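Colleague: My questions all concern the structure below.
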């Protein structure tokens with residue numbers, strides 16, 4: 001599918017062909033996220049009909065005469081017969097009415113539909129809007145199974161695929177195909193349903209639990225047993241009134257209001273929300289899928305939310321996710337005649353929320369957000385200065401790099417290397433500390449390698465060798481883990497708890513010393529073959545393991561090919577942080593090769609930019625450009641760059657420090673964005689990694705012999721513990737006026753960098769914060785650079 005706009009019908013035609021539907025359909029790539037179809041182009045499709053009482057929804061059934069297809073599968077016959085039978089039975093309602101049957105029907109409607117389907121299947125199992133004890137989760141899921149809208153695994157599978165491609169051609173029940181199809185027809189054509197939403201990778205979390213597998217296989221028995229019980233105890237009135245079909249009505253994707261820009265047809269239907277316990281605030285839900293609350297305004301009745309709040313009040317529910325005020329402002333459609341009663345005022349600066357005071361905590365990952373939030377709550381430092389415009393000095397901060405588990409795990413005395421690093425960083429005049437937890441990925445290895453491929457990845461052409469450095473389109477992620485040396489499978493719950501608790505204790509030490517926090521997740525290659533994280537394309541919403549990898553640093557491929565999923569992650573992250581106004585959410589990108597997929601082997605950025613336009617044109621159709629633009633403009637508060645600024649000479653001017661950003665904008669503009677535009681919209685620029693490594697090769701074993709060489713490739717350094725033989729900086733004098741400090745002191749030239757973090761690892765660690773930066777042979781700590789940083793932060797530079 002190309003990035004250009006198409007109608008829904010054209011998108012459907014690209015995936016299916018009506019003629020061969022009698023034959024087995026090929027398995028579709030269900031991991032794809034298709035671009036939202038154009039409503040205007042759909043309206044122009046021959047045969048499209050406007051839905052009554054709407055202004056912009058044109059439907060065109062795609063499977064004409066499918067009721068007469070051959071052969072019908074046994075599953076389709078049973079499903080179709082059941083649906084038709086239930087609707088026919090409901091016709092007997094006027095002649096079978098009794099008050100006891102009505103009350104039993106209402107009770108079961110609430111228990112099985114409200115608690116089981118809406119609270120359990122929808123909000124907890126599908127969207128993980130809250131957590132609860134397993135016994136309560138299983139009880140509610142069983143009630144949902146009794147709601148007779150499929151077993152939990154099947155229901156969640158279809159609904160997650162629905163959200164993955166809402167009202168697009170991979171949506172199992174898109175409204176663009178007409179009311180009947182979206183209401184129940186999609187259930188009657190298992191061939192098309194399996195092609196669109198038959199893969200189990202999206203429900204691997206439920207498939208891994210015996211309870212849900214049992215319900216999956218025994219669901220028909222539950223359905224039959226329920227109706228036998230209703231017949232035995234209530235006769236025909238019990239079957240008709242207490243056995244009514246309970247489901248979320250698909251009218252929520254056709255009629256109603258759409259206050260939020262969701263890019264689909266989801267609508268709020270106030271009168272239907274009363275009958276569905278709050279589920280019909282469907283536009284709200286599609287704007288913030290992970291929110292436990294669908295009725296976002298005080299006047300939007302949401303009974304399911306009241307239930308969740310009550311369970312939370314007695315301690316049976318926790319980790320409840322809600323959108324923030326700023327998040328709602330960003331997605332609200334711009335109004336010119338005022339807002340709805342009780343709604344948040346709509347911003348007038350181009351649809352973006354007004355800038356809020358600068359926070360004390362900037363967060364770039366979900367895996368550590370609980371630790372950061374608790375640490376900040378225990379020792380809340382003053383919010384950072386609001387002066388982040390041009391002409392105001394930018395402080396230089398330090399990084400606490402947690403490269404392996406032993407960096408953060410507690411020893412017998414309750415201490416950790418992380419805490420030691422915090423103590424060392426506190427010796428310097430720095431306000432912020434950037435925590436960089438490192439996870440590891442395991443992939444399938446080289447897929448379809450070329451003849452003669454060196455699997456040791458030790459060849460001389462390391463940069464250009466297939467798979468070794470450039471993993472783009474060369475492999476597939478299997479899972480993530482915490483420990484590179486014990487990465488045989490996804491982490492267990494005890495590992496997750498240990499990670500969170502140890503990180504929280506270290507962060508609490510940092511906040512007690514008055515530091516503000518930033519958290520920036522990195523992932524590294526568990527095979528230790530040198531794979532570059534920027535080239536790794538993975539879906540952040542796919543459960544590769546029990547840990548969801550979230551907001552990140554220097555991982556371009558996953559951002560540029562999964563922008564919609566990352567926007568969902570950003571939404572989830574804000575909800576998990578509980579609407580804390582002291583939180584910013586950002587994304588990390590590399591200083592070049594943004595997508596991690598074009599001309600990766602080229603080192604020289606000028607050479608890269610010279611060849612980039614032609615190379616980009618070849619692959620442009622692979623990008624969903626509107627989704628990329630929407631993500632950067634509306635989902636985040638800051639962009640963090642890996643700012644290793646190459647210079648052709650050591651005699652450069654302060655404004656030459658912006659060469660990296662101006663060259664990045666030359667590439668960025670092909671995606672319809674620039675850093676300058678984002679900054680004008682209130683989005684900050686951070687340098688998440690900054691320094692000079694003194695190396696000349698990505699292998700980490702070739703040091704620069706002159707200052708000019710080090711300045712030309714600052715992104716390469718020397719790996720491993722300090723030795724005098726590896727130290728490149730003893731070869732030349734660094735005790736000279738720093739153009740970098742002058743640039744930051746003057747507040748920038750054409751750009752302004754709000755925060756700068758020294759990369760405190762290996763030969764970049766001029767403050768010697770990381771343990772192996774100091775050995776018996778000496779240290780990477782450079783007194784001259786340390787003094788420059790202290791003087792700069794004190795305003796004496």
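Cβ atoms are placed via backbone N, Cα and C, with glycine included.
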Colleague: Tell me which range among 72-95, 144-167, 168-191 TrEMBL lists as transmembrane segment.
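Modeller: Range annotated as transmembrane segment by TrEMBL: 72-95.
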Colleague: Under TrEMBL, which of the candidate ranges 331-356, 357-382, 383-408, 409-434 is annotated region 'Disordered'?
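Modeller: Comparing 331-356, 357-382, 383-408, 409-434 with TrEMBL, region 'Disordered' matches 331-356.
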Colleague: For the feature transmembrane segment as recorded in TrEMBL, pick the matching range from 101-121, 122-142, 206-226.
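Modeller: Feature transmembrane segment in TrEMBL: residues 101-121.
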